[in-house]
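Enquirer: Before anything else, here's the structure in question.
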């Protein structure tokens, strides 16, 4: 009799599990991207690809971008720049700023497509409009040097500033450099300080130089040395050289 009860209970539990499995929702597009990232961390590129493909089909731009990166780098698939462009394009069309920037890189470098700096600048522009910080920095550089777009220093600075506000340290450094050239040292210090806070050793080194030379601030050798040390620890050769010149060990 007891055996029958156990069998009955086991049967009910199995049915319950089946019911629960049936009620569980399929992962949505963003969840699929997260699952794909977890698979990448485990080096399971086949499973990651499956998750990203599904996410891309569900119009999650970031999933398309990951697929593009797989094809560009040959991770879990054969290297195929044409497919990379296809998926980056879809990601960009779905308003993923990262995808627009990576697509811009391929056009700028002529990888899988004819080299086209003008078209690259258009993709960088969309990337920046979508608040992708690195897209703003690269677009700023194109305006700074007049590559693929007319030279416009004011626009370049505005783009560097936007990138810096979005916490891209190269944007902060480039803005600081432009302020330094214009002898607006106080503004340069603000940008270099932010780059240093973002743990970019180049920003720390530049800030140290200004503190040591009393540019836009009172001379502060002690703080300058601290910033040279931060720069040197980040493998900035100039910062290490400055410490050697001052006969200070790291």
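Just so it is clear, glycine is given a Cβ too, placed from its N, Cα and C backbone atoms.
Not my notes, these are from Swiss-Prot:
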- 56-64: disulfide bond (DISULFID)
- 92-100: disulfide bond (DISULFID)
- 128-136: disulfide bond (DISULFID)
- 164-172: disulfide bond (DISULFID)
- 196-204: disulfide bond (DISULFID)
- 232-240: disulfide bond (DISULFID)
- 29-62: repeat 'TPR 1' (REPEAT)
- 67-98: repeat 'TPR 2' (REPEAT)
- 100-133: repeat 'TPR 3' (REPEAT)
- 134-169: repeat 'TPR 4' (REPEAT)
- 170-202: repeat 'TPR 5' (REPEAT)
- 1-25: signal peptide (SIGNAL)
Enquirer: Do any residues, 6 or more residues outside the repeat 'TPR 3' (100-133), come within under 8 Å Cβ-to-Cβ of it, and if so which ones?
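Expert: Hits for the repeat 'TPR 3' (100-133): 65, 68-69, 72, 81-82, 84-85, 88-89, 91-92, 139, 142, 147-149, 159, 162-163, 166-168, 171.
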Enquirer: Please report the Cα separation of residue 64 (disulfide bond) and residue 232 (disulfide bond) in Å, rounded to an integer.
Expert: 38
Enquirer: Select the most exposed residue of 232, 240, where exposure means the fewest other Cβ atoms within 10 Å, treating these as the disulfide-bonded residues.
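Expert: So among 232, 240, the disulfide-bonded residues given, the one with the fewest Cβ atoms within 10 Å is 240.
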Enquirer: Rounded to the nearest Å, what's the C-alpha distance separating residue 196 (disulfide bond) and residue 136 (disulfide bond)? Just drop the number here, would you?
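Expert: Rounded to the nearest whole number, the Cα-Cα distance is 19 Å.
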Enquirer: In angstrom units, rounded to an integer, how far apart are the Cα atoms of residue 172 (disulfide bond) and residue 92 (disulfide bond)?
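Expert: Rounded to the nearest whole number, the Cα-Cα distance is 25 Å.
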Enquirer: Taking Cα atoms as reference points, rank the disulfide-bonded residues 56, 92, 100, 164, 204 by distance from residue 128 (disulfide bond) and give the first.
Expert: 100
